[in-house]
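Chemist: Here you go, one structure.
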Amino acid sequence: MARRYFGTDGIRGKVGDPPITPDFVLRLGYAAGKVLAGADTWAKTGSRPTVLIGKDTRVSGYMLEAALESGFSAAGVDVMLAGPMPTPGVAYLTRALRLAAGVVISASHNPYYDNGIKFFSADGNKLPDEVESQIEEQLDKPLECAPSERLGKARRLDDAAGRYIEFCKGTFPQAFDLRGMKLVVDCAHGAAYDVAPHVFHELGADVITIGVSPNGFNINDGVGATAPDALVRAVRANKADLGVALDGDADRLQIVDANGRLYNGDELLYVLVQDRIATQGKVDGAVGTLMTNMAVEVALKNKGVQFVRAAVGDRYVLEKLREHGWELGAEGSGHILSLDRHSTGDGIVSALLVLAAMQRSGRSLEQLLEGVTLFPQKLINVRMQPGADWKGNDAIRRAINEAEGALDGSGRVLIRASGTEPVLRVMVEAAHEKDAVHHAERIATVVKQATS
């Protein structure tokens, strides 16, 4: 059964438009609370479950936090409020505090006028599809407030930020520190604006910050992992050794070196796999996505590392990692999973893992990626009407077939619907940039004509 509200990363949309409205989010909190309260762990003991709510810095977070809190309380679920907190911080604290679930109010890399809700299970993982389906089923039932003696209570979690800072630092090798390194940290005016600079500073780095002055409206606005030009300029202007850019909820990153070169998630995955081979002797396999650059796949296979592609979305990378019993996976967008360190993608932890790999090897990122030249990719986002039947369109199919025939095995064509926005993503990868651009633009033109 198709889900009505949950996408690849929770529920997301424009604030004020269904489903991101206070009345719906209150009912969502109630529905999630009823599902949690009915779970075996809590139903058998009769204990009242507790959930943790964190958020990013969007002005709408206050409204949605209050709505969620009310819904959970009406379902008889206690609430702990973490305030502004990176998504991976909520996942960690949920697991560390043995809570029933964690909830994040964020639209990640989207503009301030969007927002969303995503859930984490007690073990710090994103909720399975079947639990999200149970919540959707509960949404169809009437809201029946728990008796007064069973209503949930709410309280602030003291030092949530400090607890998460210590967790992040604990993932960095005790033998290393960052003394002598000048580091620019771009927090996208988002959830990590306070914690990320502290992590790198307390490990010894000379930290220069940008994107650390949230006002409720400037999250991801010209800064952060989706706008890395700001980081490139800051690294060059300050003659820094390296720059790290996080997105609005800090679950992904981009890294820039002293020369202004940008490194994406595909390249950083290769660096981390190399580091594991050097320290452990062997890495059985790694997981990317349908969008992962072919050059990385070839380079990993040349090192004897099996490579598997998952559907786009970090939850699907995680599923493949668990299926194969592996630890390392990534998306080119900068979501990096290292399951021996954390249960979910964490931009701060991922940056520390890359820095540790550089220190262990004594080499720069450019040197660690010698011999790995990414194939040119052209990605075009085409807005379309929700529900448009692009898969069954003959004109689109012909355009794809013609491009694949012209590439003749020296590239790839990938078209997919976004799980978070009403757009169709057209990606072409080729040995030569002009070919990637030509075929992507041609297919995108056909898609626009067919879906408008």
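The backbone N, Cα and C atoms fix where each Cβ goes, glycine too.
Note that this is a predicted model, so its numbers are computed, not measured.
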Chemist: Of SER108, SER121, SER410, SER418, which does Swiss-Prot put in the Mg(2+) site with ASP247, ASP249, ASP251?
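Modeler: According to Swiss-Prot, the candidate sharing the Mg(2+) site with ASP247, ASP249, ASP251 is SER108.
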Chemist: Return only the integer: C-alpha distance in Å from SER108 (active site, phosphoserine intermediate) to ASP249 (Mg(2+) binding site).
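Modeler: Rounded to a whole number, the Cα-Cα distance is 5 Å.
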Chemist: Got a sec? Which of these binding-site residues, ASP249, ASP251, has the most Cβ atoms within 10 Å?
Modeler: ASP249
Chemist: With the Mg(2+) site defined by SER108, ASP247, ASP249, ASP251, which remaining residues of that chain have Cβ atoms positioned within 8 Å of the Cβ centroid?
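Modeler: In sequence order, the nearby non-listed residues are ASP56, PRO86, THR87, SER106, HIS109, GLY190, ALA191, ALA225, LEU246, GLY248, ALA250, ARG252, GLY347.
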